[in-house]
Ligand SMILES: [Zn+2]
Ligand SMILES: [Zn+2]
């Protein structure tokens, strides 16, 4: 166009940028951006917003944020691009903050249904239930309540925040449901330990004539695995390909390995991995490794770690898990050797981090955290809780698990995992009887799990902990995972 001397305009330029976005061509975008200077398009708000989107998607968030400030007339779309930029760059909390700024804007910048979708996604990632409820209210108030996508996102947000009742309420209230609604609800049930309900929902869905997709089977199979329904799970797995023509993917295989693993059928799980039609990934090996830990199977555990090393996917957590397996079968020399190996090879563990949301503010804790303004009260509360739980029979397990090699250095003095700090803060800062919801980035350790169980009984509180893999709903001294997790 330019060679032929046809002048470009904002419209053609915006299409050119969209092409750059498609193929993630940062350089192409930068060249077009340069031409804007020459052609004087910098005052075109829509064009600037598209450009911002490009920088955001090409991982140039700082350029994207700068552009946002320069856009002469920001509209809802520019704000939405900014929010998705924050989410993409893991600045999830900032994304939530933008919701209020948007509502306070004088111009035509009110949050729309796209904004709500983005925010619900952010809430689900953070486990920020109260904030999500606020977005839900906004959706109702602004008449978006019938948008199917939004309802599906609400179901997903509520289930990922561990509030299944509300997820189901939204689902039930939907006048029209699509296959995504069903699959989100079924996964929600499965994720929160309600396997029965997930399987029932599958039956209902078929009765109303909705054809299941591959995601629905992931939900149903994980429900079977949760309930240890080996035979039923195998039947579903079989029907999936034979009756519905769905080729099993890595998630389906993962569910089956989990199912066999829970039931203690480790050889069957291993055989399935070795014969499956897709290449096994690190997650599937890790599922088996978790089962090896539960059933104290050291030889297979070593073999699995071998596979992870072969995939170059081994993480500190895997070695930690293996050393836990050794510990459970009493192989102390092996534990020592493994920990020495980790130290010598400077294998870093991921630091655990827990979040708890109170009145719309997300509080973050790391192990032995000292940074919280109320830290003295929190530690005092934690000591108090420890005392109360001990009276009820709680015994701290200090040697079994470690989240972090630093614990080693502390010479087995009980470290305060971030989950405990978050729970203590929950007890401290919320009225009696209120559910405590904590999200954590790692797999919860045996000790914290025990602690939460006792806490739920002694303090008569529901505790919901979302760890890296699943939800734990603690109620009256018991957990929804039936003490099986990896
Ligand atoms: Zn712990
Ligand atoms: Zn649990």
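Keep in mind that glycine also has a Cβ here, set from the backbone N, Cα and C atoms.
Look at TrEMBL and you will find 393-485 tagged as domain 'DYW'. What TrEMBL lists as repeat 'PPR' is 75-105, 147-177, 178-212.
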DSSP-assigned states of the repeat 'PPR' (178-212) in counts, ordered helix, strand, coil: 26 helix, 0 strand, 9 coil
Taken over the repeat 'PPR' (147-177), the model's mean pLDDT: 94
Secondary structure tally of the repeat 'PPR' (75-105) (DSSP, helix then strand then coil): 26 helix, 0 strand, 5 coil
